[in-house]
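Heads up, the thing below is written out as structure tokens.
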Amino acid sequence: MKDLHSTPFPSHHNSQCDSCVFQQHSLHSPDFSRALVGSQRGYQTYRDLPWDLQKIQQPTIRERHLEPWKIALIVIGTAVAAAITIGLLVYFLAYDQKLFYYSANVKITNIRYSNEFSRQSSGRFRDLSERVERLIDKTFHNSILRKKYIRSRLIRVSPDADGVMAEALLTFWFSSTDSREALREKVERILRSSLKKYTGPLRINVRYSTISSKYTISLKASSCPFL
């Protein structure tokens with residue numbers, strides 16, 4: 001009889017099962033996730049954060065590059081630029097302007113002169129003044145000079161061989177660099193063209209109706225009541 005104690009029993013630990021082999025393989029296999037983290041260690045050293053958290057924090061960090069003093073400098077620069085622009089506009093639109101005065105002599109042939117025209121308070125003078133001023137206002141309000149034209153005022157009525165000569169003072173608002181003579185020619189051309197088309201109660205001799213230059217006044221030294 002064989003000795004039972006001497007008979008070797010098969011040991012379960014001498015042959016490795018599949019599960020044990022998988023466990024040992026997993027224990028000895030390199031951890032690729034750790035290796036990947038280790039290779040990126042130099043790129044995510046900022047505050048020792050993992051890569052995914054570091055990626056989230058980057059936009060917030062970049063927004064902080066615009067410091068408060070830079071924002072204040074931008075705001076101040078914008079305000080100064082706006083103030084300079086407004087100042088230049090005010091200068092060129094107001095202080096660089098002058099009042100140009102022209103004398104319009106309109107010859108009227110269906111009115112005879114009387115002593116009443118020597119007084120601006122008389123009824124005949126006021127009636128003629130209203131008609132002449134309305135005609136001139138309408139002429140320049142419908143012209144290319146409508147933004148430059150201010151007003152007209154009848155100042156004198158004098159006798160003429162064929163009727164009367166009505167003298168009106170025309171006021172314009174032009175740039176100080178404009179030519180007074182060139183503007184006079186333009187004003188006269190516009191007025192003559194309107195008088196040729198006029199069909200009202202006044203009979204006007206366009207040929208003897210003229211425009212002459214009077215004077216200019218700088219707006220810096222004047223206080224114009226109709227501006």
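Note that Cβ sites are derived from N, Cα and C of the backbone, with glycine treated the same way.
Over in TrEMBL, the protein carries these features:
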DOMAIN    98-216  domain 'SEA'
TRANSMEM  71-94  transmembrane segment
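Residue counts for the domain 'SEA' (98-216) under DSSP, split into helix (H, G, I), strand (E, B) and coil, are 41 helix, 49 strand, 29 coil. Mean pLDDT, taken over the domain 'SEA' (98-216), works out to 92 on the 0 to 100 scale.
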